[in-house]
Ligand SMILES: O=P(O)(O)OC[C@H]1O[C@@H](O)[C@H](O)[C@@H](O)[C@@H]1O
């Protein structure tokens, strides 16, 4: 045996036999999901339908960070009300006519298509804490007949969901696999679970221009640092200079949402009447326990020429 002064002791030997993250595919048909759990108890669940993250637990598995409606359809027949639906290739209602997305449904097809699970990779960061990356793919062949007709373009999406002890990272790669260029929008429609909307504020958007969908899509400037929720909020913040938007509860930081190569963020809470009007939103007063902070690229369009690739997403830290 070669003698070395700095031979690692047994205690610091590589943890070859230490248990790594557990990844399972559970359920059948449209309900099939990938469940990943770290040895320390944190977990994430991703429904193949929409590649929708429906649960993210941190704090050793004790704290659920995402709001999921009690009436969310988890059978693969309808976009999920809650979690992190993926919005692509159009945000909101598409342009009325004259755009390649014009015949698509609101928020596009990604959230209501079945994605393929491409596999997992485990990583260990410098602090020796485990994380696991789950990759999901969607291309033209995975679309419904209707979506294929409505958006007759060749594309490839890879969506990576990385679970670490205190964070969840979700990043999409969009590739133009066709001959023609195409334009798209992308957004992560995250429903954060909170205790009480009346005690929530969202910071990190001051100085930014936004379109207020509640006020006839008029444009405003965000003056206050803290956004409070006392009624319906549906705003599209554009070209945000700061990277981080924070959600505070009772003045204490609860989530940091860090944009990665995307500049826009939607804040949404349907409030009393709109919540009641949504058939899959439950309980009726569930609006008190959720706030959507949705990062994306929705101001104008991203354009990809043949063979080009675009990447964007977010890192969310749960700060409990
Ligand atoms: O009911 P959907 O299609 O899931 O959309 C929910 C909300 O999504 C938000 O992103 C939009 O800004 C809102 O206008 C919309 O109401």
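Just so you know, glycine gets a Cβ as well, placed from its N, Cα and C.
What TrEMBL records for this protein:
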- 189: active site (ACT_SITE)
- 294: active site (ACT_SITE)
- 81, 106, 111: substrate binding site (BINDING)
- 1-21: region 'Disordered' (REGION)
Once near-sequence residues are set aside, which residues in the chain of residue 106 (substrate binding site), 6 or more away, have Cβ atoms under 8 Å from its Cβ?
92, 93, 94
If you draw a 10 Å sphere around the Cβ of residue 189 (active site), how many other Cβ atoms fall inside it, taking every protein chain shown into account?
23
Out of 81, 111, 294, the recorded positions in the record, which is closest to residue 189 (active site) when you go by Cα distance?
294
Measure from each Cβ of the binding-site residues 81, 106, 111 to the atoms of ligand 1 and list the residues where some distance is under 6 Å.
106
Residues 81, 106, 111 binding substrate per the record - widest CA separation, whole Å:
14
Which residues, same chain and not among 81, 106, 111, have a CB within 8 angstroms of the centroid of the CB atoms at the recorded substrate site?
78, 79, 80, 85, 87, 107, 112, 189
Just how many other Cβ atoms lie inside 10 Å of the Cβ on residue 294 (active site)?
24
Does DSSP put residue 294 (active site) in a helix, in a strand, or in coil?
strand
